[in-house]
Amino acid sequence: MNSNYETAELEQLLSLNAPLENVEARWQRKARQNNSNTNNNNGNNGGDRFIPNKMNIDIGHFNLTKENSNPNPNAINNNSSTSTSTTATSSTTNNIESTLYKDTLANQLFESNSGDLESKILSFKSKAPVGNVSSSTNSLRVLYSQNQVGSTPTDQSLKKQFRQIPQQPERILDAPDIVDDYYLNLLDWSSQNVIAIPLGQTVYLWNATTSEIQRLFQVEQQDDYITSLQWTKDGNYLAVGTNSCTIQLWDVAHTKKVRELRGHAGRVGALAWNDYILSSGSSDTNIFNHDVRVQNHHVSTLSGHSQEVCGLKWSHDGGQLASGGNDNIINIWDINSENFETPAHTFEQHTAAVRALAWCPFQPNLLATGGGAADRTIRFWNTITGVCLNTVDTMSQVCSIQWSTTYRELVSSHGYSQNQLCVWKYPSMVKCAELTGHTSRALHTAISPDGETVVSASADETLRFWRVFEKENKLPTANRKSKEVSDGSMMRNINSLIR
């Protein structure tokens with residue numbers, strides 16, 4: 001009895017079983033200690049850089065040395081009456097010198113802040129994102145989800161700049177007996193999705209929708225051959241230039257020659273339509289404008305070249321005609337000027353023949369031109385002011401240029417040594433892709449009506465189809481591969497027909 005009573009009394013005195021009140025948990029004490037240490041270590045200024053304040057040491061050392069070197073030991077006693085005023089004056093002087101020293105040092109370190117000692121060296125503005133993180137969620141997952149590429153409009157625009165361009169052609173067709181001549185224009189793609197190309201003495205039509213092939217006509221004379229061709233805007237008629245100095249107009253739907261235009265004294269190597277006006281460039285150095293509606297079709301002659309005219313292009317609004325020649329000259333003819341038969345501008349910066357001409361579809365009065373093997377440059381011109389806006393050295397002969405109607409880009413075809421197609425981003429002229437495969441120079445290019453595919457015709461006797469400007473949200477990859485397989489079988493049949 002006594003022992004049990006004594007044990008109960010002892011437990012009551014020690015209160016071993018009673019819970020402790022108003023006692024902080026261990027993690028709370030640790031957090032409070034860390035906060036107190038952090039507050040003690042922080043300076044009053046709260047800046048992110050510490051500069052020691054030692055600028056008064058030299059002044060103090062000077063004063064001590066001056067006092068110790070005083071030859072009169074009684075000077076201190078004699079001047080005891082003025083010690084108070086001397087101390088005040090010295091303190092004021094020290095403060096002024098200290099301020100000047102601070103300002104000088106601050107101006108050297110903080111030039112942009114004009115001596116603001118409270119300014120920070122580094123400024124961190126973009127903070128890590130904060131999400132609703134529960135106890136069971138990894139906190140780093142919030143950072144990963146918030147900082148993925150494409151989460152902001154800027155990232156999305158950067159992502160679009162680096163789109164995928166297929167490096168292999170989508171289709172390859174045989175083009176036997178195509179003429180290997182830099183000064184001719186032998187390929188065009190109509191608005192009805194039909195490609196026209198002369199092989200030998202025969203003009204062939206290939207329907208890109210149905211994959212059907214058609215022989216349009218063959219020249220009659222044995223020594224004659226096709227030198228140029230151009231579709232009308234609606235795709236119903238085809239103009240064909242020949243080595244016999246004539247131009248033939250064909251109704252494709254009825255496979256019928258509508259008329260024949262004469263007048264040139266040399267082969268017709270370049271053609272360009274502007275509504276019912278057909279412009280033709282010849283090796284006789286002249287450009288003829290024909291009104292195909294009337295019997296007397298020849299309406300004007302443009303004489304501005306001294307050698308063969310090998311490039312002709314009307315602007316999209318029909319107001320200007322660009323011509324390039326073997327004399328390395330580009331002429332701009334303004335139809336709205338009082339004297340249309342005199343070039344509004346003449347550009348002589350190219351050092352080789354100029355056949356590659358292309359008007360920009362999204363910026364008026366912007367013309368891209370390409371020079372031959374001795375020049376190798378692409379130049380951009382403002383055809384109103386006559387100023388050369390930019391020049392890019394492509395390191396190879398420029399055969400043709402095509403602008404994209406979907407992107408702010410253009411594609412150029414080249415000769416020796418790579419025989420490649422280059423895709424450029426405008427206006428930076430950064431090379432987006434380089435498409436190789438031709439074993440000889442890619443003389444001609446044309447773009448499809450939907451603006452996605454570029455076809456190239458080469459002296460290696462092949463046609464290659466490149467899906468360069470593919471639009472977004474297209475068919476899945478599996479469907480596209482199955483389509484390519486079916487197209488491949490069609491191509492073999494077409495090649496056998498051509499052969």
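In case you wondered, yes, glycine gets a Cβ from its N, Cα and C as well.
What Swiss-Prot records for this protein:
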- 28-92: region 'Disordered' (REGION)
- 34-43: compositional bias 'Low complexity' (COMPBIAS)
- 67-92: compositional bias 'Low complexity' (COMPBIAS)
- 179-216: repeat 'WD 1' (REPEAT)
- 221-260: repeat 'WD 2' (REPEAT)
- 263-300: repeat 'WD 3' (REPEAT)
- 304-343: repeat 'WD 4' (REPEAT)
- 349-391: repeat 'WD 5' (REPEAT)
- 393-434: repeat 'WD 6' (REPEAT)
- 437-476: repeat 'WD 7' (REPEAT)
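Counting Cβ pairs closer than 8 Å and at least 6 residues apart in sequence, the repeat 'WD 5' (349-391) and the repeat 'WD 1' (179-216) reach three or more and so form a contact. Per DSSP, the secondary structure of the repeat 'WD 4' (304-343) breaks down as 0 helix, 17 strand, 23 coil.
Long-range neighbours of the repeat 'WD 2' (221-260) within the same chain, counting only residues 6 or more positions beyond its ends whose Cβ lies under 8 Å from a Cβ of the stretch, are 179, 184-192, 194, 196-198, 200-201, 203, 205, 214, 266-273, 275, 278, 280, 282, 290, 292.
Same-chain residues lying 6+ beyond the ends of the repeat 'WD 1' (179-216) with a Cβ under 8 Å from its Cβ atoms: 173, 224-231, 233-236, 238, 240, 250, 252, 255, 269-271, 283, 308, 310-311, 326, 353, 355, 372, 397, 399, 415, 440-441, 443-449, 455, 457, 459, 463, 487, 490-491, 494, 497-498.
Mean per-residue pLDDT, taken over the repeat 'WD 2' (221-260), amounts to 97. Summarised by DSSP class, the composition of the repeat 'WD 6' (393-434) is 0 helix, 23 strand, 19 coil. DSSP assignment over the repeat 'WD 5' (349-391) gives 0 helix, 23 strand, 20 coil. DSSP places the residues of the repeat 'WD 3' (263-300) in helix, strand and coil in these numbers: 0 helix, 22 strand, 16 coil.
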